[in-house]
Amino acid sequence: MDPKCWRVELNDGRFIPVLGFGTYAPEEVPKSMAGAATKVAIDVGFRHIDSAYLYQNEEEVGKALREKIRDGTVKREDIFYTTKLWATFLRPELVRPALERSLKKLGLDYVDLFIIHVPIAMKPGEELVPKDAGGKIILDTVDFCDTWEALEKCKDAGLTKSIGVSNFNHKQLEMILNKPRLKYKPVCNQVECHPYLNQRKLLEFCKSQDIVLVAYSALGSHRDPNWVERDSPYLLEDPILNAIAKKHNRSPGQIALRYQLQRGVVVLAKSFNEKRIQENFQRGEFTGRAHSSMKMMSPLRRGTFKNLVPLLHLFYLMNTYLFLTLN
């Protein structure tokens, strides 16, 4: 099968490619590299491109998309593009303007997927992470059900084809799913997910609600000390992962991606290295014996990662407390 045809159906009837190209990069990486890497990704076959307002690279990524459309490599309808609503734009009246700002930077008429980036609200404004004089993040009080209704209106207006969330736990998902007058369910929940953080319970819940789990950091957490302990193991150096890779004549990265695909998870693979971009897309066809090999991955889960989700959950609890005490 042509890898470009690997897709799964969302609960709104649209389809999402199971392999996506992530465009996030640390601040020290030039934004131009995101554009160059996006063009390489499209050339090798990626049709699912993931970015966000927070990444501050949508102009470069949008330019790359338009160039590949203009040179005939792809048509707009071939591309599945995701952007995200950042925490400073969660007030309902700010949602559509935020999406329209992204569309203007991208040079597109619509995105395929628009998702709430994090389940917290920060003070509105141009600062990505607003802080007070003491260096503490300034939170805002927002009812996420109201934010969700604003996303629904963006879908109705044709500015996005589908809507979803990111970094939500099952309680936060239930808050949306159980809201009165829900018009559209979230089609996905994008979270950090890899063999060391396999999100088993969250995946089970999402499947029960017909919500697709999308994995970022699928090849392991970023090595940023704010995310992981300095002595945390490198996923791609894991001996079990490497033994499976050697057995099937694949790279550890390909095995890590295959592991997620067999679990029914949509995977985002991020690299600005041309060879690795090609390798990540060529997950390869495995024999039936590969399924038993993938079962060896389940025990790899480690508890040493200071990933984003627990931190954001703390912010969410703080935000909920403020909402309950002020209303």
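Using the three backbone atoms N, Cα and C, a Cβ is placed for every residue, glycine included.
Pulled from TrEMBL:
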- Tyr55: active site, proton donor (ACT_SITE)
- His117: substrate binding site (BINDING)
- 19-286: domain 'NADP-dependent oxidoreductase' (DOMAIN)
- Lys84: site 'Lowers pKa of active site Tyr' (SITE)
Tell me, what is the mean pLDDT of the domain 'NADP-dependent oxidoreductase' (19-286)?
94
Given the recorded positions Lys84, His117, which one's Cβ is surrounded by the fewest other Cβ atoms within 10 Å?
His117
Separation of alpha carbons, His117 (substrate binding site) and Tyr55 (active site, proton donor) (Å):
11
Quick one: pull the CA-CA distance for the residue listed as 'substrate binding site' versus Lys84 (site 'Lowers pKa of active site Tyr'), whole Å only.
5
What number of additional C-beta atoms lies within 10 angstroms of the C-beta atom of the residue listed as 'active site, proton donor'?
19
